[in-house]
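> Annotated compositional bias 'Polar residues' per TrEMBL: 23-43, in sequence order. Among the features that TrEMBL reports, region 'Disordered' is placed at 23-51. What TrEMBL lists as transmembrane segment is 127-144, 151-171, 183-203, 210-233, 239-256.
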Amino acid sequence: MSNFEQFHFDFYQSNYTIDDQEESYNSYGSNENLCGSRKSQTGEPPPASAFAPSEMLLSSRSYTGQILQPTYSPDTLSHLSYAEGFDEEPPLLEELGINFEHIWQKTLTVLNPMKPADGSIMNETDLTGPMVFCLALGATLLLAGKVHFGYVYGMSAIGCLAMHALLNLMSVPGVSHGCVASVLGYCLLPMVILSSSAVVFSLQGIPGTLLALFIIGWCSLSASKIFTSALAMEGQQLLIAYPCALLYGLFALLTVF
């Protein structure tokens with residue numbers, strides 16, 4: 001029996017003291033406080049204004065305006081200034097390159113060969129007038145019983161290419177395809193007058209031949225005047241007028257015969 005009591009005493013005997021127990025209790029309490037603080041950091045809901053958008057904060061403010069007189073914020077003022085900027089934009093036709101004032105000035109310059117040409121306006125690549133005059137020439141020829149729309153456009157294209165190459169060889173600054181097509185197309189207006197005359201009476205005679213020669217000289221004089229003013233080619237108007245007369249002579253032959 002004594003051996004059993006000695007074994008029991010030896011089995012349960014340890015070096016554990018009360019101080020160690022207090023230290024472990026204190027460490028356990030600190031760990032619990034640390035876990036509690038972490039839970040409070042993760043579990044606590046954030047303040048209401050932390051993730052609230054600026055629109056909600058702005059809408060929560062009190063309304064200071066009166067009835068039918070809303071308050072203006074910087075955003076609304078910027079929108080209003082942007083909307084008012086549309087009034088300062090140019091018209092749609094002018095953005096597309098269709099300026100009726102310039103078209104009218106070019107037409108008057110062609111109709112009056114003695115009028116000095118404005119080089120800044122004539123150097124534009126405006127094809128609205130040339131297309132209208134080409135259609136008018138084809139329509140008047142159609143009224144005279146001649147379906148020559150293909151010939152009109154074909155000779156116009158070949159003539160523009162030939163004149164472009166010639167003017168680039170003769171002038172220092174050079175010229176674009178659009179400028180050449182614009183000038184030659186506008187100067188086609190007197191030829192429309194000749195084709196309109198062919199609807200009324202026949203041009204196959206001496207009066208018709210004289211009228212055709214007059215129209216050819218009118219067209220070539222107007223075209224050479226515009227080219228010399230736009231390309232600064234003073235003293236070379238006769239050299240430019242000769243190939244222009246050959247081109248408009250083809251249209252005259254197409255109109256007379």
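All residue numbers here begin at 1 and follow the chain in the order shown.
Note that Cβ sites are derived from N, Cα and C of the backbone, with glycine treated the same way.
In TrEMBL, annotation is done automatically, which means it is predicted and not curated.
Since the structure is predicted, the reported quantities are computational estimates derived from the model, not experimental observations.
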> Counting only CB pairs under 8 A, let me know which of 127-144, 151-171, 210-233 has the most with the transmembrane segment (183-203).
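Checked against 127-144, 151-171, 210-233; highest Cβ contact count belongs to 127-144.
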> Give the nonlocal contacts of the transmembrane segment (127-144) in its own chain as ranges (CB under 8 Å, at least six residues past its ends).
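Sequence-remote neighbours of the transmembrane segment (127-144) are 97-98, 103, 106-107, 152-153, 156, 178, 181-182, 184-186, 188-189, 191-192, 195-196, 198-199, 251, 254-255.
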